[in-house]
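For Ser54, Thr55, Arg56, Thr57, Gln81, Arg105, His132, Pro133, Cys134, Gln135, Cys262, Leu263, Arg290, the entry in TrEMBL reads carbamoyl phosphate binding site. What TrEMBL records for Asn163, Asp223, Ser227, Met228 is L-ornithine binding site. Sequence annotations record features per position, and here TrEMBL assigns domain 'Aspartate/ornithine carbamoyltransferase carbamoyl-P binding' to 5-145. Annotation comment: TrEMBL describes 155-301 as domain 'Aspartate/ornithine carbamoyltransferase Asp/Orn-binding'.
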Amino acid sequence: MADIRHFTDLHHLSKGDLRQIIDRSLDLKRTDPRGTRSKPLAGQTLALIFEKPSTRTRVSFEVGMRQLGGEVVMLTGAEIQLGRGETIADTARVLSRYVDAIMLRTSDEDRLREMAENATVPVINGLTDETHPCQLMADVMTFEELRGPIAGRVAAWSGDGNNVARSWIRAAAMFDFELRLACPDELAPPADLIHWAHREGARVSVGTDPDTTVRGADLVVTDTWVSMGDKDAASRHNLLRPYQVDERLMAQAKPDALFMHCLPAHRGEEVTDGVIDGLQSVVWDEAENRLHAQKGILLWCLGAL
Ligand code: CP
Ligand code: NVA
């Protein structure tokens, strides 16, 4: 099964494949943004399984697959037998007989792994508690669309060392940019992930001071203080309040720095209205680019890039 093109994490692909996906996504956006000119995935079907809520991932995969000429089957964990205890492995075996690719949004990374190990079609990671690689494809695409190559540039993260932050760490290694993170010690990304990044030669650093982290950055990024599934909302709010991206913090970055947030945002918590609605914010382009990036990912997975 080694040749199945799973999109389970950024570092499972080669740098060359990731580059091809970004370039194709940018090209599709420029030349055929609504997929009216070509239907490379005609006759193919994507199953989308959501065990957690979603707006952007759900709509962008569905619309993107249709724009490429394919069909989708939208499933929530609760309404299929998965929710009554059928195993991920058996679900993977069965769905592989019906569809050409499976996207899964779930909690535990092990469930994603089990899906990929047992499916005979490509499996796409639509977010887990640990990772969100599709988001990073749209984020890198957005930076490059607006500012040119991300390689050698500096991105700064202020907030929770969550699934999106962890995918930023993978991205720093795979796309060769510097990443500085400011996170409370209690919510820092895992040390083994940082060690991995350093072994890959990536410039990734983690500290606790947002000001020094953001100073001179080309891009400032944050995310919610309380991710789906987090139970400890009150203590997270306390720990993360100093990490809010407000106008004062944003002013520490380069004057032309961009602001990104994967959304959904909690205005007045991790980001102020002034920043998310401000001139440096590109969150709506970023959200739009989920659509174009999903199309690039689907084309790669299905051998049609
Ligand atoms: N950014 C993102 O993945 O959004 P959804 O949870 O709405 O899919
Ligand atoms: N960190 C957030 C991302 C949502 C897209 C969460 O997991 O809820």
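Keep in mind that glycine also has a Cβ here, set from the backbone N, Cα and C atoms.
Keep in mind that what you see is a predicted model, and the values were worked out from it rather than measured.
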Open item on the list: Quick check on the binding-site residues: of Arg56, His132, Arg290, whose CB has the lowest count of neighbouring CB atoms inside 10 Å?
Closed with: Arg56
- [ ] Between Arg290 (carbamoyl phosphate binding site) and Asn163 (L-ornithine binding site), find the distance joining the two CA atoms and give it rounded to the nearest Å.
- [x] 17
- [ ] Find the shortest Cα-Cα separation between His132 (carbamoyl phosphate binding site) and the binding-site residues Asn163, Asp223, Ser227, Met228, and name the residue that gives it.
- [x] Asn163
- [ ] Check the Cα-Cα distances from Cys134 (carbamoyl phosphate binding site) to the binding-site residues Asn163, Asp223, Ser227, Met228 and tell me which is shortest.
- [x] Asn163
Task: Other CB atoms, at most 10 A from the CB of Asn163 (L-ornithine binding site) - done: 23
Open item on the list: Helix, strand or coil by DSSP: which one applies to Met228 (L-ornithine binding site)?
Closed with: coil
Open item on the list: At a 10 Å cut-off from the C-beta of Cys134 (carbamoyl phosphate binding site), count the other C-beta atoms across all protein chains.
Closed with: 26
Open item on the list: Please list, in sequence order, every residue of the chain apart from Asn163, Asp223, Ser227, Met228 whose Cβ lies within 8 Å of the Cβ centroid of the L-ornithine site.
Closed with: Leu127, Asp129, His132, Asp160, Asn162, Val164, Thr224, Gly229, Asp230
TODO: Around ligand 2, within a Cβ distance of under 6 Å, which of the binding-site residues Arg56, Asn163, Asp223, Ser227, Cys262 show up?
DONE: Asn163, Asp223, Ser227, Cys262
Open item on the list: Sequence gap of 6 or more, Cβ distance under 8 Å: name the residues on the same chain that satisfy this around Met228 (L-ornithine binding site), in order along the sequence.
Closed with: Lys52, Pro53
- [ ] State, in Å as a whole number, the widest CA to CA span among the L-ornithine-binding residues Asn163, Asp223, Ser227, Met228 given in the record.
- [x] 12
Task: In sequence order, the binding-site residues (Asn163, Asp223, Ser227) whose C-alpha falls within 10 A of Cys262 (carbamoyl phosphate binding site) - done: Asp223
- [ ] Provide the three-state DSSP residue tally for the domain 'Aspartate/ornithine carbamoyltransferase carbamoyl-P binding' (5-145): helix first, then strand, then coil.
- [x] 71 helix, 21 strand, 49 coil
